[in-house]
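Annotated features in TrEMBL:
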DOMAIN    19-454  domain 'Amidase'
ACT_SITE  K61  active site, charge relay system
ACT_SITE  S136  active site, charge relay system
ACT_SITE  S159  active site, acyl-ester intermediate
Amino acid sequence: MKPLAETPAEERLKQLKTVYSRQREAAERFNAYITLRSLEEVEEDAESSEGPLKGVLLPIKDNISTRGVKTTCASRMLAGYSPPYDASVVKLLKKAGATVVGKTNMDEFAMGSTGENSAFGPTRNPWDVDRVPGGSSSGSAVAVAYHGYVSLGSDTGGSIRLPACYCGVLGLKPTYGLVSRFGLIPYAESLEQIGPFSRFSKDLAMLMKLLIEYDEMDMTMTPSTSLRNSIASRLEAIIKSTGKPAVVNGVKIAYSSKLISLADSRVQRVIENFISYLRDEMHAEVSDVDLPMLDKSLSAYYIIAMVEASSNLARYDATYYITRETYTSYWQDTIRLRSEKFGDEVKRRIIMGSFASSAGYMGRYYLKALKVRRFIKNLVSEVLSRFDFLLMPVSPSPPPKLGEAVGVDAYALDIYTVVPNLTGHPALAIPIGFSSGLPVGVQFISDYYKDAELVYLAYLLEDRVYDPRKAPG
Ligand code: GLN
């Protein structure tokens, strides 16, 4: 197995059947897919496509619109929906020759941390089927971990990085506004980004290079082409790299021992060893810094995310989502529709989000959460003005068993991941080891538009702290 970035198209086409059959296994054994296209469809597409991703099978999270292929958000509400258009990211990758292999399982409307809140059943962790793979982009992480190469997910509060960590692969949340979200079914837009999973750092670079095109359909994108060009050339340099330096003298990395001490002792141990490795073997300058209030980010995140969710999900009403034949009255039908078609977690968030932004309580909850967000943004920006990277755990624990982390226990898994969503910084989850046979990862956060520097860091650590070829049996 080698990076797709180093595999010629003919070779990818030759491997296609094998790669596809692994994905079918991932669908059957771990429930990684909501929709898997047939081998015939996939082969036909792959043979007729042209471009740098010819012969690449691409699993896509089921909240990213794909023309003519069902896009359900793992919800009964959208169970029969086939979008009439492609999301911009899908359009870009198809134009580059990629073949959509299927739509991956996820938490309903991307609300969850374990992959269990799906109307189509939970996704399972390929390293241990009794454990969760992490969510909400559960299927996209499993697809790569289980002998795949690359996939797409979305990350509102950790939904790429948490499953990447639990499944032992790379997962990147890009800088806010760097990758178009046109065609992503929204959950909480001030926080979320579409991003790639991969096992090889070069493949991450290759996908990112294609994904950062400016899109006037996404109003959050920064239209600076020169900025984009400089990122593209740095990504290209990673793809072309042959050797790598033995040490990284002068690279400054910050971490907070206080924050790490909030994690489970097994996770702590692996991360502490990794920090020693960075310091002693890689010669990085690693410093312990104080990050007061970062532990408040979880509360701020959940209030903001729920408020935005309650507003976004208001669109699912009897105007568009019932058929004319069953129509009785707007309110009656809307109540019935939403009671029947939304899962419990989605309902909980709509109720809490409406409450936290209601006239009488807005100041106490929503506006306060925005102030905490501002404070955290300043804090992280200040650290990143002095350091190249901020290192944090991804998850406070190894992957929980199915049914073990529900309600607020599931929210608590996000304590580290929500930080860069609140601040907009890019963050990359990198596998750094195993504890009792289960993957452990860390995330690196860097300054805005330093996404390529994060990918380069993964490149440096590849084959040294993690083996990109390692896969569950
Ligand atoms: N677990 C978080 C939530 O449920 C993050 C989900 C996500 O990033 N989409 O909101």
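Just so you know, the numbers here start at 1 and follow the chain as drawn.
Each residue, glycine too, has its Cβ placed from N, Cα and C.
Please treat TrEMBL annotations as automatic predictions, because they have not gone through curation.
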Assigned conformation of S159 (active site, acyl-ester intermediate) - DSSP reduced to three states: coil
In sequence order, those active-site residues of K61, S136, S159 whose CB lies under 6 Å from ligand 1: S136, S159
Averaged pLDDT, computed only over the residues in the domain 'Amidase' (19-454): 96
Euclidean distance between Cα atoms of K61 (active site, charge relay system) and S136 (active site, charge relay system), Å: 9
Nearest-integer angstrom distance between the alpha carbons (Cα) of K61 (active site, charge relay system) and S159 (active site, acyl-ester intermediate): 11
Cβ-Cβ distance under 8 Å to S159 (active site, acyl-ester intermediate), same chain, at least six residues away: M106, D107, A110, S113, G135, S136, S137, G153
Cβ packing number for K61 (active site, charge relay system), 10 Å threshold: 32
Where K61 (active site, charge relay system) sits in the secondary structure, as DSSP reduces it to three classes: strand
